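Structure, as structure tokens:
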Amino acid sequence: MTIQQVLLLLLLWMWLPHPCHTEMLFRRTPDLRPKSFGGRASGSDGKAIHRQKRGWMWNQFFLLEEYTGSDYQYVGKLHSDQDKGDGSLKYILSGDGAGTLFIIDEKTGDIHATRRIDREEKAFYTLRAQAINRRTLRPVEPESEFVIKIHDINDNEPTFPEEIYTASVPEMSVVGTSVVQVTATDADDPSYGNSARVIYSILQGQPYFSVEPETGIIRTALPNMNRENREQYQVVIQAKDMGGQMGGLSGTTTVNITLTDVNDNPPRFPQSTVHLRVPESSPVGTAIGSVKATDADTGKNAEVEYRIIDGDGTDMFDIVTQKDTQEGIITVRKPLDYETRRLYTLKVEAENTHVDPRFYYLGPFKDTTIVKISVEDVDEPPVFSRSSYLFEVHEDIELGTIIGTVMARDPDSASSLIRFSLDRHTDLDRIFNIHSGNGSIYTSKPLDREISQWHNLSVIAAEINNPKDIARVPVYVRILDVNDNAPQFAVFYDTFVCENARAGQLIQTISAVDKDDPLGGQKFFFSLAAVNPNFTVQDNEDNTARILTRRNGFSRHEISTYLLPVVISDNDYPIQSSTGTLTIRVCACDSRGNMQSCNAEALLLPAGLSTGALVAILLCIIILLVIVVLFAALKRQRKKEPLILSKEDIRDNIVSYNDEGGGEEDTQAFDIGTLRNPAAIEDKKLRRDIIPETLFVPRRTPSAPDNTDVRDFINQRLKEHDTDPSAPPYDSLATYAYEGNDSIAESLSSLESGTTEGDQNYDYLREWGPRFNKLAEMYGGGESDKDTS
């Protein structure tokens, strides 16, 4: 018989009802309790208290969970001593699940469960039972309470809260190092049997890890597990109930364990010797190569610091640690020269920056390598003898004078010739020039310190064989001062003297400036160009002088302004001097010497004209000007003159207008359709070239027939306008399409003169007046010429 069959029979036996057992539990029994419960007792008042005998007694009912039978599961039987078996009593059940989950036979008192019960949902049910008379519905027994307790069976396996756990432990940990704890829970009743007692075991992950059966703590099982050999481990843990015995239910979970890194590996250079090359022209700070030591560790445990510890190039090269790549970058520390030295040797050390004291025995945590650096020859540009040059020169030197020489050489072994030139961007005025062969700088234009005291030049040196290799050097030219400027007045002086001034009175203090800058400082002397009877100058010997009067009283009416020439000279060599002229005005002053007036108004006051009189005269002039302007404006507004000139004028058939009109495109001044279509006269339009003074309602006139001659039409219209009092005083027809009859003078044109058969006589032109004399001479002269010929 198999284990499953044994368990099935055991469960069936537990579920079958046992009458003998049930009768003992639930049938009414005689009172077998100690007499202390059924005897008498005295109350506080001395009266005897009797315990009332109950008609029936209750106990707990027990019911197995997860019943799988087809019939209702039998729970127990209720029975009362008052039940005579004649059906007069009725059993009533109330409480948890009464009527739905639990039902009772009203006649027999048998209790059944209607469906399968899960203890994990509810462990016990509290109900109340009562027996009543079926006819009177009166209770024959007091209502009593009882409990149906669900017995647990092992129907739940242990479960873990996580399907997959993640944990880590440092590599090289000792045996027994705790990694992580896993805990499984079982929903069965822990107080009944071993259904909820869980035992842990490891199914996968040996021999590296182990688990404590009771606690579920996972620990390391092997010493010195190395992350560099293996980093990830997967451990499967089983949790089994029933104390791990056979037949217990189980659950599993997976734990992914990672070995974290510790610094247990020193850095190592892959090569014992490293060769690098660098051009000699590499500037300072240029990276020429790198070295790298490998470290099997990760993170900060793999961080390495590089340094140069020995070699003949320690002063020529540096090494810098690149943090992101963990490389040692070798850079140029000083300028290199192939002609001086061609090979350098360095000893470079790499050392871990974070060393774990627990693993000193695995050290040392550093390594060294030899770096050999070869310097390569390149065609270097010329090298100047100095980094900069300073030349000083006086500003009065002659053109072409050499102010200094720059020198450069070719550092290469070939030693080619050098050509010098000036960077014209630094000498835009081309004041200087340089000899291309020897580097001598000379002047090409005059120098002036007062214009520019410094000149900053840039000299270029290039190899003749390779002009692209150039070098530059700054040249500073300082212009030294020469006394070539005469002193002048410091400012413009507005000087005046009072009419009531006395001899020796100070009227002005003057000073001077000089563009030159002598080494001993500036010193000026002041004097008069000639003896002046009115004023004198007194030198204060501090680069200033005082202008004093030499006589009493001045008059503006006699002389209003004096010109005083003052000679200013310096004390440098050669001495420079200039003459400045002071303009001294004569002014009226008060008793304290304060100027009151120096203008022309003050000169007119003695003539008897006051300020008010002058203002009145000025106003009269302005009023007269305004009247003239108004008169001119009104004259322009006068009525226009007649357009037709006098009858004596020979141009009596010429009509002139003040307005030229708009030309051929002006259709408002004259509409030719008026002549072509006489009916169009009905739609008259007012002229826009001249504004009429009065507007009259146009008078309608009868239209002429279409076959009317134009000449008759014009004459008719003229007669109408002559007799029309509302007609405007000007002719509204500016252009005529009808020329009229032939002139009595016939044609004046000479175009047909050659075609006529007879000779023409132009003597009548002289009778027309002096204006036609020119024509008479032309045609008359031509006739005489013709006769002569």
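Cβ coordinates come from backbone N, Cα and C, glycine included.
Residues or ranges marked as domain 'MHD' by TrEMBL: 57-318. Look at TrEMBL and you will find 80-160, 161-269, 270-384, 385-489, 489-603 tagged as domain 'Cadherin'. What TrEMBL lists as signal peptide is 1-22. The transmembrane segment annotation in TrEMBL covers 603-634.
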Within the domain 'Cadherin' (161-269), residues counted as helix, strand or coil by DSSP: 3 helix, 46 strand, 60 coil
Composition by DSSP (helix, strand, coil) of residues within the domain 'Cadherin' (385-489): 3 helix, 47 strand, 55 coil
The domain 'MHD' (57-318) [mean pLDDT, rounded to integer]: 88
